[in-house]
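Student: The following block contains the structure, expressed as structure tokens.
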Amino acid sequence: MAGKLVGIYGASGFGREVMPVAREMFASDDCELVFIDDNPELVKVNGVRVLTYSDFLKHEAEEKRVSVAIADAKTRREIEERCYSDGIKPASVNSPNNVVLDEVQIGSASILCPFVTLTSNITIGQSFHANIYSYVAHDCVIGDYVTFAPAVKCNGNVVIEDNAYIGTGAIIKQGQPGSPIVIGEGATVGMGAVVTKNVAPGSVVIGNPAKPLVRNS
Ligand code: UDP
């Protein structure tokens, strides 16, 4: 019986990127790493065992931890809540080459991929995903279940509310002390967008400068 069992939930694209980082963090004789995936056809991915959630629950270990490597915030929250109510603890997976400067507070279950930088005086909620080459600059406040695709540039004095998704290569302009740029709850910032002013909750913005997406019905 392994002392510690760590499951990376989701054996798709992002999960396969997170697994080697987790291996570097957790690898020891006393710790086994597996994928958890609800697709029963997956047995092994990149040489790592894939367990269904029920098999993960049955597997004997002194301590079980999970990191949910699924970008969609709603799915991630639902899976985490199920796992935690079953007594599984959160695991953060943070690449050893991350740069984290002064006074950074970050909640549980974060995934900080390689080449992520968090500078100084930053507060981040739970289950933050920062994909490769993203940064968060000084005095930002980031909520729960926020997701950064690769190479997001979040400049200083920005507030990002819960469940927001920031697409690949998006740039968020620096706000002012006491007057931050605010990305509202559940908003989506499109790939490559340049955000120069507040984004309304639940909205989708695209382009440079970023503007709300108008859908033709
Ligand atoms: N998945 C799961 N349970 C869920 C939702 C997703 O096991 O409730 C798995 C799904 O089978 C897939 C992975 O998680 O293997 C999610 O992959 P997707 O490509 O949707 O997300 P990404 O890896 O791009 O974040």
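Using the three backbone atoms N, Cα and C, a Cβ is placed for every residue, glycine included.
Not my notes, these are from TrEMBL:
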ACT_SITE  His138  active site, proton acceptor
DOMAIN    7-81  domain 'PglD N-terminal'
SITE      Asp139  site 'Increases basicity of active site His'
Student: Over the domain 'PglD N-terminal' (7-81), what is the model's mean pLDDT?
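Tutor: Looking only at the domain 'PglD N-terminal' (7-81), pLDDT averages out to 96.
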Student: Return the residues near the residue listed as 'active site, proton acceptor', defined as same-chain residues 6+ apart in sequence whose C-beta is under 8 angstroms from its C-beta, sorted by sequence, else 'none'.
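Tutor: Those within reach of the residue listed as 'active site, proton acceptor', by Cβ under 8 Å and sequence separation of 6 or more, are Thr119, Ser120, Asn121, Ile122, Gly156, Asn157.
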Student: What is the total of other Cβ atoms whose distance to the Cβ of Asp139 (site 'Increases basicity of active site His') is within 10 Å?
Tutor: 21
